[in-house]
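As recorded in TrEMBL, the features of this protein are as follows:
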type: SIGNAL; residues: 1-26; note: signal peptide
type: DOMAIN; residues: 58-168; note: domain 'DOMON'
type: DOMAIN; residues: 175-369; note: domain 'Cytochrome b561'
type: BINDING; residues: His214, His247, His279, His315; note: heme b binding site
type: TRANSMEM; residues: 215-233; note: transmembrane segment
type: TRANSMEM; residues: 245-268; note: transmembrane segment
type: TRANSMEM; residues: 280-298; note: transmembrane segment
type: TRANSMEM; residues: 318-335; note: transmembrane segment
type: TRANSMEM; residues: 347-367; note: transmembrane segment
Amino acid sequence: MKENSRFIVFITITIAIFGLSATVNSQTDACSSSLNLQNVNLPFDAASLHCLAVWDSHNYILRYSQTTPGTWTFVLSAPAANSFVAMGFSSNGQMVGSSAIVGWVSSTDAGVIKQYYLGGTTPTLVEPDKGNLVLSNFSLITSQSSRLYLGFQLVTDQPLSRLLYSIGQTGLLPVAPNYRLSEHSDKVSTSINYITGQTKSSTGRPYTRLRRSHGALNMLGWGILMIIGVIVARHLKSYDPLWFYLHICIQSFAFVFGIIGVIFGFVLDNKTNADVSTHKALGIFILVLGCLQVMAFLARPQKESKARKYWNWYHQSVGRLLIILAVANVFYGIHLGKEGTGWNAGYGVVLAILVVIAVILELKLWFRK
């Protein structure tokens, strides 16, 4: 009885091990093995393709070669996970402005392969059947042994060396008639040397230092110093004329930091071509309000003038509007920059401290009256 039980357990474990091994092997491709696709006639010698593991976390394998003068062949292999696979060619390592070859196999389609132009970060700006890649008549999309093989040929003397890879969300495949792509579940930006076969992934997003400098300067200028300057002007008037010079000094630094931050923003926009139209429009409007405040200061009437009360109303109203929009745009910029909770929490704490100080001073002013 015991021997039978041990035998059954042994057989069960053996079957489980072989089953697991078969499953793993069926989803694994490696450069140590040649490209051998069943029922597929390749118009090139598969043995001539160079092979690289280009995205280890998702087991993406790329085979490529200049098969004929002016023609480059690419075959991308990835686990078949009921999602699209994509390979993009970029001039700067970023998604926006690049062109990508995307393929998928669904239960209703034998397989679809399309070129997309990545005009922005939203699905509506990712346009099918458009792009800057010149393709030959050869294209391949097939699922074999739990692997998806995406093959195509580019007509070019030298392909771009900055390559993008992405994987779609499981079960969300493009469908006719518009074939709109859903947002990818993961992506990576890499660079490749076609001669040596060396490839490396970008460990961080491009222009990270410029992004953070842009955010920090605008946060400090428009989102912190401007608020401090307003608090000084409202609650330190008993220290005349000290409050006035403090107010002018703080707001001047805020304006200078803000201008530099906006300039960094324009440089960043020019380099990345990111879809940040709302953030950009708010930033420009805030800058305009800041310039109006400077002009209002230069044109302020005398204290004895009848127009002074209207000037005060205008100056205070524009200042309040500027601060409200600046705070909102700082948080929106942190969201767009995907800097995470650290920046949100840090700025939120500083903002909370300033609000508490302002409330305490307002209460003191109210009780004094």
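Every residue gets a Cβ built from N, Cα and C, even glycine.
In TrEMBL, annotation is done automatically, which means it is predicted and not curated.
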Dominant neighbour of the transmembrane segment (347-367) in 215-233, 245-268, 280-298, 318-335, by Cβ pairs under 8 Å: 215-233
Those binding-site residues listed as His214, His279, His315, and which of them has the most Cβ atoms within 10 Å of its own Cβ: His214
For heme b: widest Cα to Cα gap among His214, His247, His279, His315 in Å: 28
Positions on the same chain near the transmembrane segment (280-298), where near means CB under 8 A and six or more residues out: 218, 222, 248, 251, 255, 258-259, 262, 265, 269, 311, 314-315, 318-319, 321-322, 325-326, 328-329, 332
Secondary structure content, the domain 'DOMON' (58-168) (per DSSP, counts of residues): 4 helix, 66 strand, 41 coil
For His247 (heme b binding site), the number of other Cβ atoms found within 10 Å of its own Cβ: 21
Cβ contacts under 8 Å made by the transmembrane segment (318-335) with residues that lie 6+ beyond its boundaries: 214-215, 218-219, 222-223, 226-227, 230, 278-279, 282-283, 285-286, 289-290, 292-293, 296, 343-344, 347, 351
Distal contacts, the transmembrane segment (215-233) - CB-CB under 8 A, six or more residues away: 243-244, 246-247, 250-251, 253-262, 264-265, 283, 286, 290, 319-320, 322-323, 326-327, 329-330, 333-334, 337, 339, 343, 347, 350-351, 354, 357-358, 361
